[in-house]
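Notes follow once the structure below has been shown.
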Amino acid sequence: MDITIVNHPLVASRLTLMRDERSDNAAFRAAASDLGAMLIYEASRDLAVEHFDTQTPVAVAEGTRLEKPPIIVPIIRAGLGMIDPALSMIPDAQVGFIGLARDEETHEPVPYLEALPEDLSDQPVFLVDPMLATGGSLLHAIRLLAERGATDITAICMVSAQPGVDALKNSGLPCRLVTAAIDPELNEDAYIVPGLGDAGDRLYGPRNIEL
């Protein structure tokens with residue numbers, strides 16, 4: 001499996017802001033937006049392109065555009081924070097959705113939403129989720145995509161844990177990984193260590209809010 005760890009000073013600085021427990025929701029979202037755009041940029045490096053003539057104010061120049069823009073598929077909830085940076089880089093991309101919640105006792109994914117094209121064959125797919133922990137949610141999502149014919153799947157995660165990376169490697173599923181960091185372990189609650197906490201809560205606040 002192809003794994004790209006994006007080693008860049010700006011990537012590292014935004015990831016540091018996201019890790020910092022002092023970063024409030026607004027600061028975390030801003031750093032996530034910047035980092036998301038950088039990871040999408042890197043993930044797009046090998047996308048197929050086509051060339052055409054374009055007229056400048058002076059002469060004709062060779063233009064370039066994506067041959068087939070990828071479909072962006074966030075894993076809800078935390079993956080929603082990566083849609084805007086993805087679309088800022090690839091504005092003509094389509095967006096699909098996979099909704100998965102985590103069972104806090106078993107740490108297994110619980111599906112609740114699936115909004116995807118029926119046929120994903122010959123279609124690049126960018127599967128976005130800020131965190132790859134156990135790999136359960138990501139593997140479930142990849143299987144859903146593969147069932148629809150997807151063979152060109154790139155998982156884009158801000159922070160990955162080594163156990164989740166190993167699970168992805170051993171799955172045999174058609175996927176490559178682009179990430180800003182691979183952290184060494186998970187704690188007993190299946191949180192990435194050192195990680196950055198609960199990405200969904202840090203983006204949007206706690207799931208259950210008493211009014």
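Using N, Cα and C of the backbone, Cβ positions are placed for all residues, glycine too.
Note that the coordinates shown come from a computational prediction; the quantities given were computed from them, not determined experimentally.
Sequence-distant neighbours of M131 (5-phospho-alpha-D-ribose 1-diphosphate binding site) (same chain, 6+ apart, CB under 8 A from its CB) are A78, C157, M158, V159, S160, A161, I192, G195, L196, A199. The 5-phospho-alpha-D-ribose 1-diphosphate binding site feature in Swiss-Prot is assigned to R77, R102, D129, P130, M131, L132, A133, T134, G135, G136, S137, D198.
The annotation uracil binding site is assigned in Swiss-Prot to I192, G197, D198, A199. In the shown protein chains, 25 other C-beta atoms lie within 10 A of the C-beta of I192 (uracil binding site).
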Quick check for the class: what is the C-alpha distance, in angstrom and rounded, between A133 (5-phospho-alpha-D-ribose 1-diphosphate binding site) and D198 (uracil binding site)? 11
Minimal Cβ count within 10 Å, across the binding-site residues D129, D198, points to D198
For G197 (uracil binding site) and G135 (5-phospho-alpha-D-ribose 1-diphosphate binding site), what Cα-Cα distance in Å is obtained after rounding to a whole number? 16
